[in-house]
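Right, one structure below, let's go through it.
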Amino acid sequence: MTARKIFVTTALPYANGNFHIGHIMEYIQADTWVRAQRMQGNAVNFVGADDAHGAPIMIAAEKAGKTPQQFVADIAAGRKQYLDGFHIAFDNWSNTDSPENHELSQQIYLDLKAAGFIETRTIEQFFDPEKNMFLPDRFIKGECPRCHAKDQYGDNCEVCSSVYAPTDLINPYSALSGAKPVLKTSEHFFFKLSDPRAVEFLTEWTQNGQHVQPEVAAKIKEWFGTRTNPDGTTSEGLDDWDISRDAPYFGIEIPDAPGKYFYVWLDAPVGYLASLKNLLNKRGEDYDAYMADPQLEQYHFIGKDIITFHTLFWPAMLKFSGRKTPTKICVHGFMTVNNGEKMSKSRGTGLDPLKYLALGMNPEWLRYYLGAKLNGKNEDIDFNPEDFMARVNSDLIGKYVNIASRAAGFIFKRFGGKLGEVSADGQALLAQLREQAGPIVAAYEARDTARAVRETMLLCDRVNSYVDANKPWELAKQEGMEARLQDVCTTCIEAFRILTIYLKPILPQVAAEVARFLIVPPEQFAEVAQPLGAGHQIGQYQHLMQRVTQEQLDALFEPPAPAVEKVIPGGEEIAPTITIDDFAKVDLRIAKIVKCEAVEGSTKLLRLTLDVGEGQTRNVFSGIASMYKPKDLQGKLTVMVANLAPRKMKFGLSEGMVLAASHADEKAHPGIFVLEPFPGAQPGMRIH
């Protein structure tokens with residue numbers, strides 16, 4: 001059989017935080033599938049990357065005092081401990097700000113443009129008047145225009161999975177400031193997903209039964225025609241896709257369009273190809289030749305929350321830019337806890353991957369448990385601590401690991417570590433185990449690891465029944481039964497080897513330890529057909545795995561201790577200590593507000609005309625319009641910084657600063673309070 005050539009990816013994690021258990025579940029699922037493919041002799045390139053672009057990262061980097069590139073690099077530096085910890089073996093890990101991704105994204109765009117799939121339109125776009133910037137989709141929230149779910153993002157609804165323009169939202173608000181955004185016009189670039197060519201292709205591609213699971217295809221089908229929303233309204237057809245964003249933005253510039261950048265969801269999936277190209281470049285291999293091979297298969301493992309981008313936009317981008325489309329999009333559900341409850345760290349139902357490892361919990365316990373749950377369908381899986389303990393302790397250790405421990409000691413001590421001949425009853429048992437190789441490999445192929453585990457555990461039951469029937473511990477006590485003891489124990493070791501091969505994609509570390517114990521090279525599925533044989537030398541058995549304890553599970557799900565809120569006056573720390581000389585540099589004066597008026601074009605500022613006793617007035621702008629009307633301030637005394645350098649503003653020159661008090665968290669503690677001296681103070685008096 002000719003070896004298959006396969007390219008595999010997982011969804012790109014957004015580079016603004018650590019991995020969560022959902023990431024780890026997906027990576028374990030994909031890693032297991034990749035290992036199963038390699039155990040069939042197939043050539044697989046398995047790549048991942050960080051999704052590095054977008055306004056959220058740009059804003060987070062600014063808050064952290066870093067460049068976006070350094071912010072992403074710091075996040076990426078923490079990935080290895082997770083991947084190594086759970087035995088997840090990517091061939092390459094890159095990020096979407098790589099030179100390869102810039103090059104490929106821009107070329108795909110140009111190819112789509114040449115094919116007539118890109119057009120420009122002047123659109124109205126939301127702008128935050130307080131932050132003075134166009135708002136990215138994820139920083140606009142409001143009511144979904146399709147199903148009317150509240151607090152949905154500006155690009156897609158997490159309830160009904162609809163994709164729409166931010167301007168379609170009902171009652172939108174800025175997630176940055178809470179302000180109601182205003183509409184401003186801007187020229188944007190659109191991918192014409194509604195083009196009849198795209199609709200025809202996507203209809204066939206998503207509904208032909210080859211590329212997505214049936215339940216996913218059924219959901220996608222709703223998006224092509226008229227569909228009824230939960231509130232009774234209807235929506236129809238595929239919409240064109242806005243693929244551009246305005247500066248300031250951290251991303252990839254659109255060719256020949258200064259100040260315009262690709263929307264993150266255009267260049268993010270291209271990151272799959274870019275990470276592969278980066279890998280092949282390191283190896284000195286030709287990326288274009290690799291991708292041009294008609295036998296190449298392309299698989300993407302993703303969560304159900306990003307189906308739209310991977311089953312509509314991504315295949316259409318590839319198809320109409322002249323590239324290979326995915327062989328299959330493999331969609332999984334979410335992980336819940338305790339019979340469907342959403343995970344929550346504060347309630348003690350969150351599963352923190354690093355905490356799991358820090359508690360000394362075996363990563364292959366989790367790999368096995370997830371393997372026993374994942375079935376290749378787009379279904380949520382539930383983590384139940386009691387079920388976890390039972391499956392690990394009773395099944396994995398009690399049924400599988402203990403087979404070796406019940407036989408290996410006798411072989412090593414009584415027969416010098418050499419296997420013997422297997423009699424007819426043992427051969428019959430081993431034949432039954434070997435007969436299941438095809439179905440188990442097929443289960444792995446279908447990503448139905450639950451079936452692969454279930455079938456393997458049934459085989460473990462047969463082997464344990466054989467052990468119980470033949471009682472090697474009693475044979476060891478009987479004179480003249482050495483040959484039978486060696487026969488029975490050899491059968492157990494041969495069976496254990498077969499079972500280990502079946503579980504190897506899920507338990508790579510255990511399989512490696514078993515290979516050392518059996519003194520065999522790393523084995524593939526086909527090798528179950530060949531016995532180790534009489535005379536084969538094995539090593540001394542070392543215990544493979546400890547049992548899960550209740551204490552570990554209690555600690556894993558222990559809610560964090562309630563945070564003791566530090567008393568911070570006014571919501572912000574007292575500033576660092578200064579000297580009296582430092583303070584003396586600031587010239588604070590009593591000022592009279594001679595005139596106060598609103599500033600046209602600003603909702604925040606008031607223009608104050610101040611008498612500071614200089615014989616002439618000063619002009620100062622102050623952001624206090626939300627709390628004071630001009631007539632309320634006119635004639636009042638206040639305090640100003642008189643020696644602050646004048647600042648040129650959009651509305652004029654500001655010649656100082658009026659002092660006002662406010663809480664650091666103005667949303668939670670609204671209010672701005674202008675300082676007013678006691679009666680008797682006169683304009684121009686200095687404050688000491």
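Residue numbering: from 1, along the chain as shown.
Quick reminder: no glycine exception, Cβ is built from N, Cα and C everywhere.
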Any idea which of 13-23, 101-111, 123-133 is down as motif ''HIGH' region' in Swiss-Prot?
13-23
Using a 10 Å cut-off on Cβ-Cβ distances across all protein chains shown, tell me which of the binding-site residues (Cys147, Cys157) has the largest neighbour count.
Cys157
Identify which of the binding-site residues Cys144, Cys160 has its Cβ surrounded by the largest number of other Cβ atoms within 10 Å, counting every protein chain shown.
Cys144
Per DSSP, what is the residue tally for the motif ''HIGH' region' (13-23) in helix, strand and coil?
3 helix, 1 strand, 7 coil
Please list the DSSP helix, strand and coil residue counts for the domain 'tRNA-binding' (582-688).
7 helix, 43 strand, 57 coil
The domain 'tRNA-binding' (582-688) [mean pLDDT, rounded to integer]:
90
